[in-house]
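Now, the feature entries from TrEMBL:
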ACT_SITE  His464  active site, proton donor
ACT_SITE  His508  active site, proton acceptor
BINDING   Val84, Val222  FAD binding site
COMPBIAS  536-555  compositional bias 'Basic and acidic residues'
DOMAIN    82-105  domain 'Glucose-methanol-choline oxidoreductase N-terminal'
DOMAIN    258-272  domain 'Glucose-methanol-choline oxidoreductase N-terminal'
REGION    525-555  region 'Disordered'
Amino acid sequence: MTIQQADYLVVGGGTAGPALAARLAEDPGTSVLLLEAGGELTQREALAPALWPLTLGSAIDWQYRTEPQPGLGGRRVPWPRGRVLGGSSALNLGGWIRGNAADYDAWAGFGGPGWSWEALLPLYRRIEDSGRGPAPWRGTGGPLRLRAAGPGGRLWDALELALEQAGFGGRTDVNGPRQEGVDTQEMIFVDGERITPAAAYLSLAHRNAAGGNLAVRTGVRVLGLLFDGDRATGVRALDAAGREVRFHAGREVVLAAGAIGSPQLLLLSGIGPAERSRALGLPVRVDLPGVGGNLHDHLRVPVTGRAAPGTTDLPAPLPTPENLRRWERHREGPLRDLAGGGVAFLRTDPELAAPDVEFLLGTGADQDHPDRAGYLVAPVLLQPHSRGRLRLASADPLAAPLLDPGYLTDPRDLPVLVAGVRAALRTTEQPALRPWTAERNLPADASDALIEAHVRATADTVFHPVGTARIGHPDDPDAVVDPELRVRGVRGLRVADASVIPVITRGHTMAPSLLVAERAADLIRGADRTPGPRAGRTDDRTDDRTDGRTKENHR
């Protein structure tokens, strides 16, 4: 049996957890232990930007699937989630899109003025090291380096012009004051390599280290919480060899295991809907109906076009021996970038105050026909009304939970996606893009019925589940955490990741997940100013049967 103790236990080494742990460790008298189920991020498929699709379904993916979705023709949608230090930011496309200011002002309705755009913007600026330089809305000098996607060639230029011709605006910084328009994404791909937020923040912690007050332990599968009365005191887990280990927190336990992992651990620990806990034979510790509820996600629908043979001016990013050698030796060649990676934000109804659709844009050589250029204009439903729920399949902590996002269950969602697809088709018909469109996956004059069928048959996730332990005021019956991210009815326990997000942003969720971590660090450090018992430095007491790994000041 291993017993390890620190002032703060942070469960989850994905996007939010390492950032929170690194910030807490900036107080030299504070000890912090970060636990991650996966291992170190060493996979070439994750580190080389253009190879990211090869991570899906791999050993560093939890390989979740939703329950059958009636709104999508009964399909079970794969939900990639990272099982590695770096989490889902090790599997994603790396785009940094914070969302609209109105999104965060909506959060303030759930969490108070400390969650408004005005209050949170300084935290975003603290996070960022934007390659676009300093600006009132942007940050430089922060731990997270952001650089623009690689050039997309002549087809990207044509696509950008076609979007302007279709009336969807010109160039903008989608993280600036005007979100509408077209942008080449800023990404976490720097000098030809993925630098996850985990790597960035743990590197920062190493540079700022006061001497062993942050430990990172990988290969630890947390099974549930430990309690002393109504206080969370630690977690029980399995190490990489399958042996039981326990970790204790002198101050607080913080769940940062993501929108799937954090509610799953709460439910396994008897914190959730009481009736369901009893049905599974689990003790009822706190009856919180909101745990696992409010599950929602961004849906995208592919609209693609392909040009005639002999049209591409970019090499296909294929994992050929030569391309792999160039990337491994010098971080050069077609694997070093996501060439032609861009986005556009638009309103399908001019009466709307903010965008309701995003286009995910891509250009390059067609994977199946490298001599042909191809493009993607994929509408994303930015503000879904549909909600679902995460449930436990059983009391077995190693069993995958049941994931039902309820795609298209609210009748307001499908018409927005249909309008988004129609806007994408209109873009493909513009003079600038017509020469590049020998064929596409939908006719330009598709009927609403055909588009609806296409949505139901092809729509899939953008890897953005949120909301399953959402923030709220004390009189909100569905709130799981209070405005300071403390779990209701339990002392010494917080949640700090995408699960606390009450309403998904008009952006990509890596950014607000990191924002929640920064906000949590400020809340915890602000509250932790009174004398009290401390665990001191991370204290590892391990018997001779344990081969678990503990890393001090990782990287």
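Note that the numbers count up from 1, one per residue, in the order the chain is shown.
Using N, Cα and C of the backbone, Cβ positions are placed for all residues, glycine too.
Everything TrEMBL records as a feature, shown here on the structure.
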{"residue": "Val84", "record": "FAD binding site", "DSSP class": "strand"}
{"residue": "Val222", "record": "FAD binding site", "DSSP class": "strand"}
{"residue": "His464", "record": "active site, proton donor", "DSSP class": "coil"}
{"residue": "His508", "record": "active site, proton acceptor", "DSSP class": "coil"}
Secondary structure content, the domain 'Glucose-methanol-choline oxidoreductase N-terminal' (258-272) (per DSSP, counts of residues): 11 helix, 2 strand, 2 coil
Separation of alpha carbons, His464 (active site, proton donor) and Val222 (FAD binding site) (Å): 23
Val84 (FAD binding site) CB neighbourhood, other CB atoms within 10 A: 29
Residue pair His464 (active site, proton donor), His508 (active site, proton acceptor) - Cα distance, angstrom, rounded: 7
Mean predicted confidence [pLDDT] for the domain 'Glucose-methanol-choline oxidoreductase N-terminal' (258-272): 99
Those residues of the chain, 6+ apart, with a Cβ under 8 Å from that of His508 (active site, proton acceptor): Asn92, Gly95, Trp96, Ile97, Val462, His464
Cβ neighbour count within 10 Å of the residue listed as 'active site, proton donor': 25
